[in-house]
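Feature list (source: TrEMBL):
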- His114: active site, proton donor (ACT_SITE)
- Gly17, Ser18, Asn19: N(1)-(5-phospho-beta-D-ribosyl)glycinamide binding site (BINDING)
- Arg70, Met95, Arg96, Ile97, Leu98, Asn112: (6R)-10-formyltetrahydrofolate binding site (BINDING)
- 7-187: domain 'Formyl transferase N-terminal' (DOMAIN)
- Asp150: site 'Raises pKa of active site His' (SITE)
Amino acid sequence: MTADAHKRVAILISGGGSNMVRLVESMKGDHPARPVLVLANSADAGGLDKAHKMGVATAVVDHRPYKGDRPAFEAELMQVIDAAEPDILCLAGFMRILTDGFTNHYAGRMLNIHPSLLPKYRGLHTHARAIEAGETQAGCTVHEVTAELDDGPILGQARVPILAGDTPDSLAARVLKQEHLLYPQALRRFASGDRSRQDLQPDLAT
């Protein structure tokens, strides 16, 4: 595949960017996509330095000066993103709720990973809520982003058991290992034009 044929991927982060790192590491060789931008909403995001060390362009659009004016923040965000001319956007721990204007602008080309088995436990504190509800399994979901929070066509899920004595932190750590496997797989298929759902086999390890 020639460089011009690769899909261009922008990745949005807010923190350490562990999923971003796995995505960037995966986009090599015969992968149909290449990373062109890692963008954070805080200059303190640890993932920015990681992306820089991997040779990926980085940018920051800090949401705080906008004082809750989401459309104004997103207008600046879109300007920076669009300058990189991405074909695909990957939200990887980007902790901002996006407006319809933003999601519609990138409709059909934006992915997100969420730490629950959607449609269960949209939003925050997913692991604590799953434990409190007495669930026997938890996991993560990669989905296309739509205007509804943590909604959109599911591209894949990975499951782990909830063990006796699990805390939200211990469960989160086990789910995160599956996120690092699931998201690169889903991106590769999506960049190839395959939008069908493909789940990872359940991880029954303790």
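Cβ from N, Cα, C; glycine included.
Those TrEMBL annotations? Automatic predictions, nothing curated.
Under 8 Å, Cβ to Cβ, and six or more positions away along its own chain, Arg96 ((6R)-10-formyltetrahydrofolate binding site) finds Ser14, Asn41, His63, Arg70, Phe73. Fewest other C-beta atoms within 10 angstroms, among the binding-site residues Met95, Ile97, Leu98, are seen around Ile97.
Of the listed binding-site residues Ser18, Asn112, the Cβ environment within 10 Å is emptiest of other Cβ atoms at Ser18.
Among the residues the record lists as binding (6R)-10-formyltetrahydrofolate, namely Arg70, Met95, Arg96, Ile97, Leu98, Asn112, the two farthest apart have Cα atoms separated by 19 Å. For Asn19 (N(1)-(5-phospho-beta-D-ribosyl)glycinamide binding site), the count of additional Cβ atoms within 10 Å of its Cβ stands at 25 [all protein chains shown].
Annotated pair Asn112 ((6R)-10-formyltetrahydrofolate binding site) and Asp150 (site 'Raises pKa of active site His'), C-alpha to C-alpha distance, rounded: 8 Å. Taking the recorded positions Arg70, His114 in turn, the residue surrounded by the fewest other Cβ atoms inside 10 Å of its Cβ turns out to be Arg70.
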